[in-house]
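This report refers to the structure that appears directly beneath it.
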Amino acid sequence: MTNIANTSERAGGNLTAQALREGFYAGVISLGLFVLFVGLETTQNIRNELVINQRWGLLAIFVIVAAVGRFLSVAYLRPWAAARKASAAARPVDEEVSFFKRNFSKIAIVALLVYPPLMVMLFGVQGSLKWVDNFGIQILIYVMLAWGLNIVVGLAGLLDLGYVAFYAVGAYSYALLSQQFGFSFWVLLPLAGILAAFWGMILGFPVLRLKGDYLAIVTLAFGEIIRLVLINWTEVTKGTFGVSGIPKASVFGIWSFDVSAPNNFAKAFDLPMSSAYYKIFLFYLILALALLTAYVTIKLRRMPIGRAWEALREDEIACRSLGINTVTTKLTAFSIGAMFGGFAGSFFAVRQGFVSPESFVFLESAIILAIVVLGGMGSLVGIAIAAAVMVGGTELLREMTFLKAVFGPDFTPELYRMLIFGIAMVVVMVWKPRGFVGSREPTAFLKERKAVSGSFTKEGHG
Amino acid sequence: MATLTNVATNTATKTMTNDPILKVEHLSMRFGGLMAINDLSFEAHRGDITALIGPNGAGKTTVFNCVTGFYKPTMGMITMRQKGGKEFLLERMTDFEVNRDAKVARTFQNIRLFSGLTVLENLLVAQHNMLMKASGYTILGLLGFPTYKKAAGESVDIAKYWLEKANLIDRADDPAGDLPYGAQRRLEIARAMCTGPEFLCLDEPAAGLNPRESLTLNELLRSIRKDSGTSILLIEHDMSVVMEISDHVVVLEYGQKISDGTPDHVKNDPKVIAAYLGVEDDEVEEVIEEIEVIAENEGPQGGSHA
């Protein structure tokens, strides 16, 4: 970095000359690299002969991009970055945080509360479906799942790669129990949470002795076991066909969303029949569930158990020397994390009306974990932002029909979902290695609440 | 704090009375073929500062780990007798029970703080068991019962008391990992004291401290004994700390006790001198004579670096 700073201080002409030189070298190197890969192409012609196609134009584009890119980066981008860094260092530290930043969570909650009516006003009752369901509910499910996993991974520092298992337990508990016994959603929601918490403990017991990578592998295996049981126990779960016809939730039994029911919501208010009302109801339901998760997490962090989780993440041996029973501490983290997974699972079942093992593959666990890591382990706001960016971003890809005009009619942007997801993760991790919000809010303070920098907190190792 | 001051008045008279708080009998610890501790017996008396010294690899930290439940000894009995007369066999308890039930706290040779938590939070974590009970194992606390609020307030007061003692009150809201080394050592001791122990085990509390920091450490340890009546067992290499503050010194070499007594007694024990200076057995007599000559020349303080 020092030589960059030096160059920016010296005369501009010198810098341009250097940039030109480096741009030229970059062009030469890329020419050497790409002349055989890009410049020449072998294809089969009709008679099955290999012919060499020459693509000098494409090669020229590659070389020019490399050379010009290097030139711009050296001449403009680097001095700009250095200047920015210098000005950031010169700025006083105790800067007044803006009103928006201070009240971010309150503003966000209010925005979410007015989101469905706003969408109905903007796009009409039927048009709001996409925005409330595909974006709102989808993102909020992941926010809730990630907040639940955050208790296990972010606070207690136990790497759990099989979190989706508890999501599955919650979803199937609701699906099966509602069909077998006809219980309503409001009875089954807590029951699904309790069952998931129970399975969290079942997983917790054998893995208590494991740390780090070993723990991760066993939790991953647990996730797969649950999925395979769901596939193969066909008498109960109907295997890969899944359970369909799951009854809808009602507004505490007062209004129903079944079309035939006499207390149908739309009928009761003389509204035109639409599935949008049910979706809006589901939006508020998942919002309430997610906020409950956040509220409990915030409360628990200030309780001895929450502090013990974070202490466990920092140093397990020190915890034991202070008389903390690490076994029960870990088990509570597992079971409370699993409980929120179970809540989210039963919500998922009620939203889809159909559950099958396909919804609970390892990829889901990986996405939830990625959201937690991207957001910054332990930070609720960061995780919510990460979920919105990741899930919302991939949903947005479906909307980008204009890309078809650029890349041709066969181009389906959704297929590049995971690629973009991966690139985004790499970029964010390079840019912010501790996630969007890397610092940690202390749970108690004497004089002033100072955020703890991410460089002091540990990731946990078991 | 009323109970603490009560105890303080008694401690002065209690020193060196025959009231062992910790009794180690025939303790042996074997790691594979290595006998790390071999038939070690010693006592630590209530209200005393007992020092465990010895050359590197003598087995001091192993003794500590056996006493605090981190190792299960191969043989032997470790009895902890509380003020109320309740006895605990420490070798049968797991590490966290030793702290929770027997009231034995410890620190570590390589500092083990919760570096991402603030200094205050470190001390609150140490009061986990008390707060857990007060919060009705979290459930009553979540529902906002006043008992928990009261206990939480008290826990902050206890933390404040120890922060003031350890001279860390100004850094209370900083992350523990941000403190300088000497302050981290003091914080670890304060954190151990927040668990409300009757017996405090310190593993090299003065390691890496400069002479001035060693002095403040001495002050802290003395005031812990005086004000809270906690008995202390410490491992230490820094003889200025050991000879200055301890009432009773146990010397280990190759897992065996070679000397046991007051600092003055140990200082002049030929076996101890031989262990530290590493002479042949037949040369021990010579060395003793030399030491005596030096001691006469330097006066009573001389030879404390032996």
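Glycine is treated like the rest: Cβ placed from N, Cα and C.
Copied over from TrEMBL, here are the features:
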type	residues	note
TRANSMEM	A:24-44	transmembrane segment
TRANSMEM	A:56-77	transmembrane segment
TRANSMEM	A:107-127	transmembrane segment
TRANSMEM	A:139-169	transmembrane segment
TRANSMEM	A:181-202	transmembrane segment
TRANSMEM	A:214-233	transmembrane segment
TRANSMEM	A:276-298	transmembrane segment
TRANSMEM	A:331-354	transmembrane segment
TRANSMEM	A:366-394	transmembrane segment
TRANSMEM	A:415-431	transmembrane segment
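Of the two recorded stretches, the transmembrane segment (A:276-298) does not lie close to the transmembrane segment (A:181-202), with fewer than three CB pairs under 8 Å once pairs fewer than 6 apart in sequence are set aside. By the Cβ criterion (distance under 8 Å, sequence gap of 6 or more), the transmembrane segment (A:181-202) is counted as touching the transmembrane segment (A:331-354), at least 3 such pairs being found. Here the transmembrane segment (A:331-354) sits apart from the transmembrane segment (A:107-127); fewer than 3 CB pairs are under 8 Å, leaving out pairs fewer than 6 apart in sequence. When Cβ-Cβ distances below 8 Å are used as the criterion, the transmembrane segment (A:415-431) is approached by residues 367, 370, 374, 389-390, 393-394, 397 of the same chain, each at least six residues removed from its ends. Here the transmembrane segment (A:139-169) has Cβ contacts under 8 Å with residues 112, 192, 195-196, 199-200, 203, 212-213, 215-217, 219-227, 230, 283, 286-287, 289-290, 293-294, 297, 300-301, 306, 309-310, 312-314, 329-330, 333-334, 336-345, 347-348, 351, 357, 359-362, 364-369, 371-373, 375, 377-380, 383-384, 386-388, 390-392, 395, 458-462 of the same chain, all six or more residues outside its ends. Long-range contacts of the transmembrane segment (A:56-77) within the same chain: residues 15-16, 18-20, 22-27, 29-31, 34-35, 38-39, each at least 6 residues beyond the stretch ends and with a Cβ under 8 Å from a Cβ of the stretch.
Proximity of distant same-chain residues to the transmembrane segment (A:366-394), defined by a Cβ-Cβ separation under 8 Å and at least 6 residues beyond the stretch ends, is recorded for 104-105, 108, 135, 138-139, 142-143, 145-147, 149-150, 153-155, 160-161, 163-164, 294, 297-298, 310, 414, 417, 420-421, 424-425, 428-429, 432, 434-441, 454, 457, 459.
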